[in-house]
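Worksheet for the structure shown next.
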Amino acid sequence: MVLSLRYLLIVLTTLFLTTEASNFIHSRAAYYPNSDEHGTDVGACGFGSFGATINGGDVSAASDLYRNGVGCGDCYQVRCTDSHYCSDKGVTLVITDSGSGPNTDFILSRRAFGRMAQTKDAASSLLALGRFMQLPNKNITIKIDENSNYPYYLAFVLWYQQGDKDITAVQLCETQNFVCKLLDRSYGAVWTTTSPPSGPLSLRILLSGEDGDESWIVPVNNIPENWKAGETYDSGVQIDV
């Protein structure tokens with residue numbers, strides 16, 4: 001969901017974006033209000049209600065970093081630089097939505113915005129975006145979309161992506177003979193296919209880095225033969241490269 005500007009609190013602050021502590025890039029941010037100060041449950045990434053509370057609600061919509069859905073699930077450490085308002089720790093964010101405002105690259109949940117300050121009253125402060133976050137003890141999880149229709153149509157979203165590489169392609173394979181079918185990215189982090197293969201199914205996930213390096217990984221656990229809409233399945237692997 002692209003957030004409408006009339007729902008934004010235009011509290012613009014300077015951001016410093018980096019993947020290394022000493023290499024900063026300027027950017028800007030705002031925050032958006034909602035009833036519980038968490039993220040939206042109808043975000044463009046397709047996470048649904050999970051996207052509102054993932055990471056405790058410390059989430060953000062992004063403009064350029066959304067990258068047509070490739071950036072969904074990416075994690076960043078964000079911190080303020082104004083010592084009058086900001087703590088030294090900052091806050092960890094997960095990208096769950098697409099959104100932009102006037103000269104604005106990030107739209108944080110109110111909870112995340114406030115947690116970067118020393119106090120709740122000091123939320124309008126300078127921000128800085130740092131390193132990718134790790135999600136310890138969290139395997140990639142396959143959440144079957146509620147609109148899936150066994151056995152004719154399968155859609156799912158991948159939860160708990162980590163590391164500094166993007167998931168740029170997903171294949172669905174028959175476990176017994178490993179015949180694979182390339183899936184379509186419907187939107188955000190949602191992957192779909194009509195006429196999915198039968199039997200227990202395995203995934204192949206293509207990871208791509210900024211340096212052009214690419215590698216396929218194969219999760220340990222399979223999607224069961226009689227998969228069901230709304231169910232979640234643990235892949236058995238963590239992406240931490």
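From the backbone N, Cα and C atoms, a Cβ is placed for every residue, glycine too.
Note that this is a predicted model, so its numbers are computed, not measured.
Under the heading signal peptide, TrEMBL lists 1-21. TrEMBL lists 42-130 with the feature domain 'Expansin-like EG45'. If you look up TrEMBL, you'll see 152-235 marked as domain 'Expansin-like CBD'.
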Stretch-averaged pLDDT - the domain 'Expansin-like CBD' (152-235): 92
DSSP-assigned states of the domain 'Expansin-like CBD' (152-235) in counts, ordered helix, strand, coil: 0 helix, 44 strand, 40 coil
Residues in the domain 'Expansin-like EG45' (42-130) grouped by DSSP into helix, strand and remaining coil: 23 helix, 28 strand, 38 coil
